[in-house]
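Note sheet for the following structure.
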């Protein structure tokens, strides 16, 4: 019995030593039979904080989950992304960087609230609701803004 325990202990140590280099390799976590072509390098969940200059509201901040939107292509929302360089946030310089107007198509507000743009949150969710209605499914709660799927009221 004692020799069996010793054998298992030595086997465990040998396996640990043999597998240790894999744990510290570039593709750590992947099998030697898997080649990672790309990795995920974006926040899975984030909270949008209003930049200075944006009209203040009493609505709760929006928490966004990339995981819940995983069926969409990145460029569906990040519509100016070329697929090669880093993905910029909506309020980057030269994008939706107009902070003091809600009407301007390049405003921070319209990036999320344009009813006519499929890449804005509201436009996409309105289109999704139309499709859900056509298929007899429950629609997403978009109004009132004070407690909807985006601006969730704090309890």
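Heads up, the Cβ atoms here are built off N, Cα and C, so glycines get one too.
When the candidates 66, 135 are compared with the heme c 1 site entry in TrEMBL, which names 74, 77, 78, 79, 90, 95, 96, 121, 124, 125, 145, 150, 151, the shared residue is 66.
Taking only the Cα positions, the spacing between residue 69 (heme c 2 binding site) and residue 125 (heme c 1 binding site) is 11 angstrom. Long-range Cβ neighbours of residue 77 (heme c 1 binding site) (same chain, at least 6 residues apart, Cβ-Cβ under 8 Å): 69, 119, 124. Of all residue pairs in the heme c 1-binding list (66, 74, 77, 78, 79, 90, 95, 96, 121, 124, 125, 145, 150, 151), the one with the greatest Cα separation is 25 Å apart.
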